[in-house]
């Protein structure tokens, strides 16, 4: 890809995200989302592979539909209330349409269909952007409109996302699709607490972004796209493989790693709100995700490839590790002791 074109796309991506997260008017938020969509399309389709073109087409169509619904919802609200302020979402039809529009943008169930396919057709770096930065503006809109949204609808979508994200991830052999369904399951955790403690939604998103970024950067460093090639990566950079296992377990939410913190706080808050059944259901559904994280960790660190005569070990690489990988992996493993400070903030 041309360096100038890549620079323009990346700058536009940052600009669109900044506009949306800092706006309090529906039109400026919508403009930011449109800039984001147009900026990421060249990055998805840059390989010129048919799968990449298909992914960019699917992404454009779903995001255009979501943007149209969001604009329609804001116009209905402005028509009835005279308000364009994002926090003043009062009309019931506008609340429902905006929930659907933002859910499509995020990839929540039942609007998840586009997300795994788009990630499968993109490069690892673009997948990282789609799974983290591109979700920040819609999450911000959810955060700002959270008092007006229907808690029953959000809880139903959250439970369905956690269930389907865990269930569909069990049978995947492509690492990008595994992480796509992992993202859908984590979105369920973020959505379920949105009505009761929106700050926890943001904390969960930040910690998820950090851990997922670490995993994508490690997979990009070792050039791993399938589970079968995960088994052979331990000979390339052995210390990184060990850290990869710990980061996966952190994403699964096992103590004493960082990923345990948001799940612990969410279950605690749901119990305080006397939603014990909901907390129990989403906790049990997280076990589905734990299975495929453990399978990835097992393939990466414990399983050896079949020792055929024509099999050659991959030489250890001298390729320097990205400094961001070191930072994100360290934070995604060792941040749990800071939980008292996080509790103070939330």
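Note that Cβ sites are derived from N, Cα and C of the backbone, with glycine treated the same way.
The model shown is predicted, which means the values in this text are computed figures rather than measured ones.
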*For which of the residue intervals 38-58, 59-79 does TrEMBL record transmembrane segment?*
59-79
*Average the pLDDT scores across the domain 'NADH dehydrogenase subunit 2 C-terminal' (290-342) and report the rounded value.*
71
*Other than its close neighbours in sequence, what residues sit by the transmembrane segment (59-79), given a CB gap under 8 Å and a spacing of at least six beyond its ends?*
26-27, 30, 33-34, 37, 40-41, 44, 88-91, 93-98, 100-102, 104-105, 111, 114, 118, 141
*Given the transmembrane segment (240-261), which of the listed stretches 178-196, 202-219, 324-345 has the most Cβ pairs that are under 8 Å apart from it?*
324-345
